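Engineer: My questions will all concern the structure given below.
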Amino acid sequence: MASNMSNVTEEVTRLHLVDPLTGLRRMLYLVTPWESSAPEVDKVPKFVDEAIPYFLLLIFIEYIILVCKGRRKAIPLNDSIGSVSGGLISQLPLLLARSIEVSSYIWVYDHWRIADVPSDSAWAWLAALVGVDFCYYWVHRTAHEVNLFWSGHQMHHSSERYNLTTALRQSVLQRYFSWFIYLPLALVLPPSLFAVHIQFNLLYQFWIHTEVIKKLPAPIEYVMNTPSHHRVHHGRNAYCIDKNYGGTFILFDRIFGTFQAEKDDEPPVYGLIHPVNTFDPIELQLFHLKYVLGLWRQHSNWTDRFRAFFYGPGWQPGTPRLGTDDFPEIENPVQYHNPQVPVWVTAYATLHFFAIHVVYIYLASNRQSLSVPAVAVSCALILLTLYSIGRLIDGFPRSAAAIELMRCIVVTTLCVALHSRQPPSWLTGLAQGLHLLSSGLWLYMRSRDRKQQKERLSMSKKNSAKVE
């Protein structure tokens, strides 16, 4: 057991820990071609995975700053769990297969490239930096202006808060709608450079999801994407809609007419125009896709069906391609989705939320040594766990107890079966003990809650009888 624990710890350390200064520089895209280039795609470091400790560090620092400013509620636990759950779900397909963006890029490069550019060229590295961000601008813009593609992006905008955890709220579908937009780069630029910059472009966008940083010096605000610019992008105010699509640079928004500065007298109010009001991660991932398919069935002619898919999210028959500017008024004061649940439910959900991340880290670190069925089953269990947690923190609906109990039974059974087939490991032992304990705890707490509900109901009837 000790040996197994040591092996896993070494693997996680190798994958996730880098020099602190280097890690922070990567978050800001302050890297050189010579330290980040690789001759082949398979030798490109997993920059995003290695940034996880810095995600957590910056989230913690942001939280401390907000607490000191008296704004602790700006990072509610339930919304943060919803955001990170979305990010975790978006990564599950990558445990089973290489990213479709990189795979398709490699195929086009191998079959259709028109030039052989060295991957260690500084000029090629800079060209890839600009090229990837230019393509990202159009990836992002089409994700907002094409209804079907919006179903793969709205997950990121579904949070009513704007903090660093919001950056992790990602859609599992988006890469499958946007991969082809990057392909023109494959005619010239090596796949390894694309694999480098697609990661750095994503990392840069993490730190701009914050209200802690106001406005930066004017030259930076003019050229780069900043927290101020991106706050506008996440706003549901009328002036914020469909603005500021840039990833690393804001210049493409200025060139193509989609730039909007933040208004000091009208700060952005975040979230979707029509809030979803749930923390269920599967519903958040899929609800707009279900809506789009409903529009398809609703229209009887093929022209309107085509428009339902490929016109804007606000389109209706008789309106322009992107719909009208008749947006609903923002309520004042703003009403947030913040269901009240018992403290023990929040603590229980949080415990399992962190536990399932241990499982994910183990899978990501040992993917090459695990069979595809084992990874697939593990991904299904992660998905079930996050779904159950979302239901629990969503106001404790009636079905949540049954779903959670079923999950605990399934996970415990699998852990026992796994334990009997191979030498004990720290991970299976931890999971088995945790779920056996939580199953019993869950039954006890539910029984106690029902007893308290009956007592309150009985007391209410007695009080009503006295009044009569």
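Cβ coordinates come from backbone N, Cα and C, glycine included.
Residues or ranges marked as domain 'Fatty acid hydroxylase' by TrEMBL: 125-258. For 346-417, the entry in TrEMBL reads domain 'Alkylglycerol monooxygenase C-terminal'. Residues or ranges marked as transmembrane segment in TrEMBL: 51-68, 122-139, 176-196, 343-364, 370-389, 426-445.
How buried are these features, and what lies next to them?
Structural biologist: Only residues 6 or more beyond the boundaries of the transmembrane segment (51-68), in the same chain, are considered here, and those with a CB under 8 A from a CB of the stretch are 16-17, 23-24, 26-27, 74-75, 163-165, 168, 203, 206-207, 210, 212.
Taking Cβ pairs closer than 8 Å, the transmembrane segment (176-196) reaches residues 36-41, 43-44, 47, 100-102, 104-106, 108-109, 112-115, 117-119, 124-125, 127-128, 131-132, 135, 138-139, 142-143, 148-149, 151-152 in its own chain, all 6 or more past its ends.
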Engineer: Near the transmembrane segment (122-139), which same-chain residues lie under 8 Å Cβ to Cβ, leaving out any that are not at least 6 residues past its ends?
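Structural biologist: That would be 29, 33-34, 36-37, 178, 181-182, 184-185, 188-190, 193-194, 196-198, 200-201, 245-249, 252-253, 256.
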Engineer: Report the mean pLDDT of the predicted model across the domain 'Alkylglycerol monooxygenase C-terminal' (346-417), rounded to a whole number.
Structural biologist: 84
